[in-house]
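Shown next, in structure tokens, is the structure this report addresses.
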Amino acid sequence: MEIGCITISHKNAKVEEIEKIWLTVKPRLEDVISKCSFSEYAYIFTCNRFEIYLVGENLKSCLQDIAEELGITGKAEIFVGESCLRHLLRVASGIESMIVGEEQILGQVRQCFNLCREGGQAGEVLERVFGKAVQVGRRVRRETAISKGSVSIGSAAVEVAERVLGTLKGKKALLVGAGEMGTLVAKAIAGKEVEAVLIANRTYEKAEELAKRIGGVAVKFDKLVDYLKVCDVVISATSAPHAVITRGDVERAMRERSQKLLIIDIALPRDVDESVAQLDGVELLTIDDLRRISEENLARRREEIAKVEGIIEEELEQLKLLLKDISARDAIAAMYSLAERFVGEEVEELYAKLNARYGVSEDVKEILNDFANSLIKKFLREPTVRLREAARKDEFHVIESIKYVFGDGNGRVSEGKDAKVEEGKPEVDVQRSKAES
């Protein structure tokens, strides 16, 4: 068993390339990864990255085949084993993000994994791995300043708008979209002394709710063109599967305005028709244009990144031990399962003989079962310890030999054995606790 991943991100690809790959892969994801021998999979998709995680055998070559099939060999990165685990911890910690330290990625990792778990694609191994990633992401933000004063994609868009226009003071801003990203934009722009923040959303009530929170004004979504005529900057961040601002919309608006119009599209898929950039008097920026903010952000946080990496390496060692224990557990279960099956048969036979000869009560059977279970635990205690040691030393041939000798371990596992095997198992919950929601 090994874990591996293939990733394409903002480091090597533009947003539209990532989007195109996702739209190509999404409807046939299982077909794409079918060339790999795997037991579990999960994926992460955001505006800046698309990653597939697999648990299986001989993953490196098949992940390379996937990259070749998708035409991303030169842009994709492939990680297997320890490097894959480290990569996921880095992603959840925010140090692989375009905006270093941004907090949104932690929720995205959790959300993507939960979808895969609910769909039955992710199992125990990935649950432990992603659970650890979420734990590490929380710890990093609690113990370091990596997210202190950090900017999200939303607030980076506001910063870019401020740079392009010189100031946002006294300007009119139109925000299209009142979801998670739109909320981040709204919070960032509310403190910039703008003259007005107009918020448009397909569900008008959501626009009203967000407007009340920041002191903005909710406007009707079907009247976008009217507001394009009067606003200085438009930031669009919906989750629509198609463009919500067309070239025709902007052309009609520009006929009735004399000043330049700045439009920033931070949605994925894109909210604004790309050809809008060709219009006179219009400047269209996208997520790719936020890279310079990312570079400045990285320079400011270099010292904190070193602290984060220290935490990641510490937690990585714990995760590796946990996964090794999981690999040993099947072999341990096989030993106990076979022993219990035979002992159970022998106890029944012995009780029948004692009952026939001495007329013993049912209480005697309970005593015999207690004795048998105690004998099993004592007899297999040392082999159990040795198997765990073998796993931690990467001596997996020992584990495979035990599984071959004792079978697949599908029999019932007793409570006594279960407590032994599961001892020290950490409680990992990928989902946000009620206290955090």
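Quick reminder: no glycine exception, Cβ is built from N, Cα and C everywhere.
Annotated in Swiss-Prot:
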BINDING   Thr46, Cys47, Asn48, Arg49, Ser97, Glu102, Glu103, Gln104, Gln108  substrate binding site
ACT_SITE  Cys47  active site, nucleophile
SITE      His87  site 'Important for activity'
BINDING   Gly177, Ala178, Gly179, Glu180, Met181, Gly182  NADP(+) binding site
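With a cut-off of 8 Å between CB atoms and residues at least 6 apart in sequence, the same chain places Ala186, Ile199, Asn201, Thr203, Lys206, Ala207, Glu209, Leu210 near Ala178 (NADP(+) binding site), listed in sequence order.
Between the C-alpha atoms of Gln108 (substrate binding site) and Glu180 (NADP(+) binding site), the distance comes to 11 Å. Put plainly, the binding-site residues Gly177, Gly179, Gly182 were compared by Cβ crowding within 10 Å, and the winner is Gly177. If you draw a 10 Å sphere around the CB of Met181 (NADP(+) binding site), it holds 24 other CB atoms from the protein chains shown. The number of other CB atoms found within 10 A of the CB of Glu103 (substrate binding site), across every protein chain shown, is 16. Among the listed binding-site residues, namely Ser97, Gln108, the Cβ with the most fellow Cβ atoms inside 10 Å is that of Ser97. Taking all protein chains in view, 22 other C-beta atoms sit within 10 angstroms of the C-beta of Cys47 (active site, nucleophile).
Cβ proximity to the NADP(+) site centre (mean Cβ of Gly177, Ala178, Gly179, Glu180, Met181, Gly182, cutoff 8 Å) flags the following additional same-chain residues: Thr183, Leu184, Val185, Asn201, Ala237, Thr238, Ser239.
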